[in-house]
C-alpha cells in the first residue's frame, strides 16, 4: 500500500457533462440554491433521466453537473419522491437529499466504522476461519444480527471461540486486508480540505491501528484482543467499543478538534452504527443492511467511498465554490 501516492478525488465542472446535458448551461444560481437532492454514478446519460421522467410521470430538471473523481453528479430540481427512489435503485444510481449537508470548506470530522465500511471484510470472521472455528463464529454473528444477542455479548462470545489460536493468524489477515474501494482517496480528499478522519470500530486494534498508520488517520479506537505467549486468550481487554461508545467518540473528537456537530459525518453499515449516525450532522449508511439504510439520513448503495465525497460536494454548489478548476 503506497500511501505516499495518495490521490484526492478532484471536484470540478467538466465540458463533457456540459456537452452531454446542454440544458444545464442556462440555469440561474437562485434555482441551484433551491435544489434539495442529487443523483450520482460513474456515467450519467440523458436516457437515464428520460427513464426517470417516464417512471415518475414528470419532467425532472437537471440544474447543474460536476465530477468528483470518476463520478458524475447531477443537481436536481423538485422533491425526491419514493418513485424517484424506486427507479434510481433500478438504474443502479445513487441519490441523496442535500439539505443541511456539511460544509467541506469549514473544519469537519468524519468517523468511519471499520469492518465492511473502511475495509471489505469482517475481521473476526476471517480470523475464525483461519483458527478453524469459522462456522461457530458465523452462527453467533447470525444470532446477533437477528437481535438475539447484544453487540457486547456477541463479541465476547465470538472472541472466546478464538482461545489458543496463534497470534500469527492476525498478521495473516492484516497482510491481505482489502480496503474498501476509494478509502485512501476519501481520506486524502478530506485531509486536503482540512478535515479530520477517524475510525470507531467494534473490531480490533490490531487492524485499526494499522489503518491509522498506513492512511495517516487522525484517530482510531477499537477493541484489544488479549495475547499471552503468542496466543489469543479468548478475551477482550477493557471495555468493549459499543454503539454508544462510537457516538461518544464522534462527539469527543468534534469537541477536541473544535468542529461544529453540523459539520460531522458518520459512515457505517451495521445496526451498531446507528447511534453514531444519529449523533453526527450527517449519517451515511454505506452498502448497509436494509434496517440500517431505512433509519439513516442518507445512503450510498452502489458507489465506493467516493460516494461520500459526492454528497459533501453539493455544499460547494450552493456556495458558488464549484468551478472548472479542481478542488481540493
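Numbering starts at 1 and runs along the chain as displayed.
Keep in mind that glycine also has a Cβ here, set from the backbone N, Cα and C atoms.
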Same substrate site per Swiss-Prot - residue from 85, 92, 122 joining 158, 201, 202, 246, 272: 122
Among 113, 115, 122, 269, which are recorded positions, the residue with the most C-beta atoms within 10 angstroms of its C-beta: 113
Rounded distance in angstrom between the Cα atoms of residue 113 (active site, nucleophile) and residue 201 (substrate binding site): 5
Same-chain residues at least 6 apart in sequence whose Cβ lies under 8 Å from residue 158 (substrate binding site): 124, 128, 137, 140, 141
Remaining residues near the recorded Mg(2+) site, that is with C-beta within 8 Å of the centroid of the site residues 113, 115, 269: 112, 114, 116, 117, 118, 122, 201, 268, 270, 273, 286
Integer Cα-Cα distance in angstrom, residue 201 (substrate binding site) to residue 115 (active site, proton donor): 7
Rounded to the nearest Å - Cα separation of residue 122 (substrate binding site) and residue 269 (Mg(2+) binding site): 11
Spatial neighbours of residue 269 (Mg(2+) binding site), counting only the recorded positions 115, 202, 246 and Cα distances within 10 Å: 115
